[in-house]
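Q: Copied straight from TrEMBL:
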type	residues	note
TRANSMEM	100-119	transmembrane segment
TRANSMEM	126-142	transmembrane segment
TRANSMEM	154-172	transmembrane segment
TRANSMEM	179-200	transmembrane segment
TRANSMEM	212-233	transmembrane segment
Amino acid sequence: MAQEKDATGAMEWRIKMADGSSESLAPTEARGCPGIAWLALKGLVVGLVMKVCDFLKKAWDLGHNEPRKVIHGVKVGMALTAVSLFYYMRPLYEGVGGNAMWAVMTVVVVFENTVGATLSKSINRICGTLLAGFLAIGIHWIADRSGKDFEPFIIGFSVFLLASAATFSRFIPSVKARFDYGAMIFILTFSLVSVSGYRVDELFDLATQRMLTIIIGTCLCIVITMIICPIWAGEQLHMLITGNMDKLANSLDGCVADYFNDSEGFAGSDKESDKKLLGYKCVLGSKATEESMANFARWEPAHGQFNFRHPWKQYLKIGASMRNCAYCIEALNGCVSSENEVSELTKKHISNIAIKVSSHSSMVIKELARTMKTMKKSSAMDLLVGEMNNAVLKLQEDLKSLPNLFINPKPLLQEPECPENNTTTKAEAEATALMDIIPLVTLASLLIEIVARVEGMVSAVEELAKLAEFKAVGAEKANQNQTSNKIVPNQSAHQRV
């Protein structure tokens, strides 16, 4: 039993023991304000240090997994260091004056991760700056000849007219896709040169120095990004498309195997299986990246296996056909996770042929990916497409036999004098059997539609092979055989001896 006592402003607790004696519990001294403040400050510092350590660990993992981003950062640092020589070295600084800052700004805004993006922004910046500079100088010359009274009106009207026209041009799809940055630079440069020229007498020298520093900055960016560990947008687009094809094939196999509980068709751990099963989502979300990479790839020179006029637009058509297929796989995944379950006996009727259709379809998709990776025409494509179509015909035949198997209710024990009840019960049984097979028919129809869309992917890749002039495997083997059959003159003479 505890008793409470108030003595000298403090609270005292006494405990009465079983033998009648009592003991007093001394209250713990409350911590003072300095102690609480120290603990709070200590907790704040420790929490901040933990967050910094966590951030550094994530940054290290990012750099370890994607070293190209580290290389890009190093290249930007090299470019800024080189362009800073205009400030460190007096002869260079006196040559361009205070406009050396424009070279630094150019490197910061122009240098991008890929060669195509850097070339695109560099060329847009140079062209926009040159065009705007010449127009600004010309309009300033006309305004200067018109007199002091009309000069501000002419300059103001020209800024309004050209800025409005250039801004409107940015909404045109063809201009926005490739020259949006150039139009923005045109507006900026023309406005700065025109307005500053109203108060600056040496306008031509000012415009010349700015254009010179911008050209120096862009050329420096182009040289560094193309020489030091170049990252090509075209190569990135090529790898993205082929990787998405593999993910699409794995998702198709995984959805059908998961629906029919076929563990052999989709082996692996649960985490890896879920990752492969949802690979189609990467295809659905890659449209913007594909368009951006294709736009930048058109600016790049010939590199690796890709020529200067490589048909990058065809990659967008291939990506669109892949997304059409991915939409069906997404609907197929919805059937897998549907609450309307089908009995195992019903699934067993078409499980083998459905798994066969998905297997042949994924084989065709993987063969398309292999064709694009090697940039060689496949000799087995026609055979794989034919097997896929034959499997679809067999699936359609099995679907036609479903009504005879499942819409055939068992005879129920009914009294002969109640024919109406017997008819009603039979109709309800037929409706129940029909509802049982609807999810299965939906899955089969989606598989048939997926096959049709896979054929669209085949057509798109064949068109790319024609435009990019992929080599045929048979022709390459023939060339190798001709090379191996050639006899060196020294060897033939030795054989005659």
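Using N, Cα and C of the backbone, Cβ positions are placed for all residues, glycine too.
Note: TrEMBL annotation is automatic and uncurated.
Just tell me what is around each of these and how deep it sits.
A: Beyond the transmembrane segment (179-200), the same-chain residues lying 6 or more positions past its ends with a Cβ under 8 Å from any Cβ of the stretch are 120-121, 123-125, 127-129, 131-133, 135-137, 139-140, 151-152, 155, 158-159, 162-163, 166-167, 169-170, 206-207, 210.
Counting same-chain residues at least six beyond the ends of the transmembrane segment (212-233), those with a Cβ under 8 angstroms from any Cβ of the stretch are 68, 71-72, 75, 78-79, 82-83, 86, 96, 99-107, 110-119, 122-123, 125-126, 129, 293, 296-297, 300, 303-304, 306.
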Q: Residues sitting near the transmembrane segment (100-119): Cβ under 8 Å, six or more positions beyond its termini, same chain?
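A: Sequence-remote neighbours of the transmembrane segment (100-119) are 68-69, 72, 75-76, 79-80, 83-84, 86-87, 92-93, 125, 210, 213-214, 216-218, 220-222, 224-226, 230-234, 236, 293, 295-300, 303.
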